[in-house]
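Residues or ranges marked as anthranilate 1 binding site in Swiss-Prot: GLY81, ASN112. Under the heading 5-phospho-alpha-D-ribose 1-diphosphate binding site, Swiss-Prot lists GLY81, 84-85, 91-94, 109-117, SER121, citing sequence analysis as support. Here Swiss-Prot flags SER93, GLU227 as Mg(2+) 1 binding site. The anthranilate 2 binding site annotation in Swiss-Prot covers ARG167. Under the heading Mg(2+) 2 binding site, Swiss-Prot lists ASP226, GLU227, citing sequence analysis as support.
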Amino acid sequence: MDIKQALARVAERLDLNTAEMQGVMRQIMTGQCSDAQIGAFLMGMRMKSESIDEIVGAALVMRELAAPVTIGVERLVDTCGTGGDGMNIFNVSTAAAFVVAAAGGRVAKHGNRAVSGKSGSADLLEAAGVYLELSPEQVARCVESVGVGFMFAPAHHGAMKHAIGPRRELGLRTLFNMLGPMTNPAGVKRQVLGVFSQALCRPLAEVMARLGSVHVLVVHAQDGLDEISLAAPTHIAELRNGEISEYLVQPEDFGIKSQSLIGLDIEGPQESLALIRDALGRRKTEHGQKAAEMIVLNAGAALYAADQAGSLKEGVALAHDALHTGLARDKLEELASITAVFRQENQA
């Protein structure tokens, strides 16, 4: 199916099957479609709502065209969300990655600069002195030595350049917002995937099952966050060994008091970094303590997804202990140090 046929189908609010979607996505990602065609297709898909088959087909093509990262480590996990929740709080899932590493987990973190928010994972890490332009081999060395490696999405998804213009001009969430967390270049099969709408939780868990994932927690909080929230119950669709279950969790389930998100919002990556360093360090401020509890909830979910813990409650307890050792803050500094060496190698 070509793009013109797909547009005619979508205009009638009819779904494409997986193979048809793969054909259209290959055209888009190989520069065979005009900006007008891409924009019209993305808007049409959003208006009718993307089907599971369509999301699977699109993700398969993005994975096929990505520059892969091979990491010789068992039970790799990712903490990557769709973004677009409009809340502008600090980089919770990125901070959680360092707690996971401090607890003995291994994180292959996939991310980008902010699109609609104030600080994307790449913005935060760059502010912390982490060099982003790494080769696949260098990313693998980060994971193996530090416990965290960062894959800067533009470096691994070069074919995305064909959709950047239409996406920017639309200025709306589109299919591509959902695809980022599903197209980790290291091929992780375990992750915490935050989404901008509760209606996406179960469908995306089904998508991840079809893409071969083993253990995934798709999360959306009732206050709108694409994270496990400190301020409201969070809906989770959990994929584990081919089965999907859905449930609600709240901080009190883990011995943590629910609190407002006041003080956790940020204006940019430097502010996010300062809050995270306080949370991972001595927690000298009230906001730093609150941020630490939010990080622990999400790191605990990642440890559970990685099967480093037997339950979500056990994962949160493990994350709590890891954060309070101070090792997580050390991991952030270690990642900055090792990537500084790689920067010198690359520029030599």
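Each position is counted from 1, following the chain as shown.
The backbone N, Cα and C atoms fix where each Cβ goes, glycine too.
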Cβ packing number for ARG167 (anthranilate 2 binding site), 10 Å threshold: 20
In three-state DSSP terms, the structure that SER93 (Mg(2+) 1 binding site) belongs to: helix
Count of other CB atoms lying within 10 Å of the CB belonging to ALA114 (5-phospho-alpha-D-ribose 1-diphosphate binding site): 17
Number of other Cβ atoms within 10 Å of the Cβ of ASP226 (Mg(2+) 2 binding site) across all protein chains: 25
Per DSSP, three-state class assigned to the residue listed as 'anthranilate 2 binding site': helix
Spatial separation of ASN112 (anthranilate 1 binding site) from SER93 (Mg(2+) 1 binding site) - C-alpha basis, Å: 13
DSSP three-state assignment (helix, strand or coil) for GLY111 (5-phospho-alpha-D-ribose 1-diphosphate binding site): strand
Neighbouring binding-site residues, C-alpha within 10 angstroms of GLY111 (5-phospho-alpha-D-ribose 1-diphosphate binding site) - of GLY81, ARG167, ASP226: GLY81
Distance from ASP226 (Mg(2+) 2 binding site) back to GLY81 (anthranilate 1 binding site), taken between C-alpha atoms, in Å: 7
Among THR94, ASN112, ARG167, which are recorded as binding-site residues, the nearest neighbour of ASP226 (Mg(2+) 2 binding site) by Cα: THR94
Integer Å distance between the CA atoms belonging to ARG167 (anthranilate 2 binding site) and ALA114 (5-phospho-alpha-D-ribose 1-diphosphate binding site): 14
Between ASN91 (5-phospho-alpha-D-ribose 1-diphosphate binding site) and ARG167 (anthranilate 2 binding site): CA-CA distance (Å): 23
Other CB atoms within 10 A, centred on THR94 (5-phospho-alpha-D-ribose 1-diphosphate binding site): 29
Per DSSP, three-state class assigned to GLU227 (Mg(2+) 1 binding site): coil
